[in-house]
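Taking it in order: structure first as structure tokens, then the write-up.
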């Protein structure tokens, strides 16, 4: 099984959506993001749009609304930089999913075709495990982006875990595909086809989350926007996970929490020698047990059940 949802991530708990797609220049595609107050307001739009939402009520994750096939069927897909496969649920899964599940595709597309008899089988670190079959179809975001003959999977069985009724859109390297983990050759995934079909010039993207009360954030495929930056870019060498550099894993050397008076409150004597991965597929940060104990002690956490604890609402201030 691949290891798509890993040790830590670069995202904060914010509410985001993508109202419109815009192409900035040849070879670069921007998806603008604005803060959404209602993460379930996915329907009834008068113009084609794509939303990226941190869906806290069901499961912390950023997701997009995409159109699959011809005629297009709208599905919600968790946008995951920590995995490489794109999949959605088959209609047979409807009874096993939440009532408002938005990741179901009914396979009535005229451009749908099954491409492999080999089963699709993937597990995630949060415990989610799904199986299904590989397929090819078109994928579109509004009227601005359309990929043809994209290899995806249709899931008809789900073990433990959940995705809030949404599919998953993995945008990591194809070296992290579930098929590669099983010994098969990699297939051209979403990022590969974005380049092959000349929508972007390189298999790169940048994620700007914006901020509370600040300008909207954005995802830029094929480059980065210097107007959304302060200071200079820093470069980190990717570290292998499970023997492969398929994911955005980097060295994690320290963790420090400092009080307003400048006192180092958490992290003293706790230098780290770990590998951590930037992953938009989760809003969680995974830390060593010793550091976790320091954090819950500092914040006076209580009522702990496993790795979940409660803290006073004053902590937010």
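Including glycine, each Cβ sits where the backbone N, Cα and C put it.
Predicted automatically and left uncurated, TrEMBL annotations should be read as such.
Annotation comment: TrEMBL describes 80 (among others) as active site. The secondary structure of residue 80 (active site), as reduced to three states from DSSP, is extended strand. Take the CB of residue 80 (active site) and look out to 10 A: across all protein chains shown you find 25 other CB atoms.
As annotated by TrEMBL, active site applies to 279 (among others). Its Cβ placed at the centre, residue 279 (active site) has 27 other Cβ atoms within 10 Å. Taken residue by residue with DSSP, residue 279 (active site) is part of neither helix nor strand, so it is coil.
The domain 'Peptidase A1' annotation in TrEMBL covers 62-317.
The signal peptide annotation in TrEMBL covers 1-22.
The two recorded residues, residue 279 (active site) and residue 80 (active site), have Cα atoms 7 Å apart.
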